[in-house]
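Written out below as structure tokens is the structure these notes cover.
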Amino acid sequence: MLGRPSLKDSENRRTIKIDSQKEGIKMKLVFVRHGESEWNALNLFTGWSDVELTAKGEEEAHHAGKVLRSLGIQFDHVYLSVLKRAIHTGHIVLSELNQDYLPETKSWRLNERHYGALQGLNKQETREKYGDEQVLLWRRSYDVMPPLLSEEEAAKQAQDPRYKHLQVKDLPQGETLKTTLERVLPIWQDKIAVDLLDGKNVLVVAHGNSLRSLVKYLLNLSEDEILKFEIPTGTPLVFDLDENLQVKEYHFEK
């Protein structure tokens, strides 16, 4: 499959550093998690719920754009989820880069992990109701499914204009990080990796878990390792890739 690292040791893979001017570094891939959302601020499970950025979130997006501008990266394409907190973050970043004209692709496959029936619930209140251990499993395990959407809510979701082109069976009623990766991989293999192999620099503005799932794939992290990997809001994660899409270096730009 496209873009899968082939180095044997994952720990070495995470510490390799090669000057981006040296032979072997071909493309830049940058992930940006959206800025703080209204439900981030309220400590609510968000998932596929479509909520706005806070004023702080907008500031984080502006800062991310300024940081990327200081690096002098000229992007060729931007990928976004279909949720407005990612779309608005991406557009702010592009404005700061003076690259508003870039072609963009919006895809439901880059949406946040679907938290099922937990969406809209307060995380602390949910812990008080179900216990810390159960909520920790729902949030941080790799393959434990949260409570699913009701059939009524699932039918309502299927009528959303963003998803009406999809078959109901393809729309999740809840996801683990594992199934989030399964959802995200097709856009990586069919679109993003193809652009990178064509020598393009790519910006992906999405969500904590959809981006973490791709990080697991790119760096070949174990289930335990990815559960400890955090992507802060509005902080660019920059990958230097070679011509085979092997990660030569990655780092956060703050």
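The chain as shown is numbered from 1 upward.
Positions of Cβ are set from backbone N, Cα and C atoms, glycine also.
What TrEMBL says about this protein:
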type: ACT_SITE; residues: His34; note: active site, tele-phosphohistidine intermediate
type: ACT_SITE; residues: Glu112; note: active site, proton donor/acceptor
type: BINDING; residues: 33-40, 46-47, Arg85, 112-115, Lys123, 139-140, 208-209; note: substrate binding site
type: SITE; residues: His207; note: site 'Transition state stabilizer'
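The structure, with features from TrEMBL marked on it.
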| residue | record | DSSP (3 states) |
| --- | --- | --- |
| Arg33 | substrate binding site | strand |
| Trp39 | substrate binding site | helix |
| Gly47 | substrate binding site | coil |
| Glu112 | active site, proton donor/acceptor | coil |
| Lys123 | substrate binding site | helix |
| His207 | site 'Transition state stabilizer' | coil |
Densest Cβ environment (other Cβ within 10 Å) across the recorded positions His34, Arg113, Lys123 belongs to His34
Check each residue in the chain of Gly47 (substrate binding site) that is at least six apart in sequence and keep those whose C-beta is under 8 Å from its C-beta; list them in sequence order. Glu112, Arg113, His114, Tyr115, Gly116, Leu118, Gln119
What subset of the recorded positions Lys123, His207, Gly208 lies within 10 angstroms of His34 (active site, tele-phosphohistidine intermediate), using C-alpha positions? His207, Gly208
Starting from each candidate's C-beta and looking 10 angstroms out, tell me which of the recorded positions Glu36, Glu112 has the most other C-beta atoms. Glu112
If I take the alpha carbons of His207 (site 'Transition state stabilizer') and Glu36 (substrate binding site), what is the distance between them in whole Å? 11
Compile a sequence-ordered list of residues in the same chain as Trp39 (substrate binding site), six or more apart from it, whose Cβ lies below 8 A from its Cβ; state 'none' when nothing qualifies. Phe45, Thr46, Ser49, Val51, Gly120
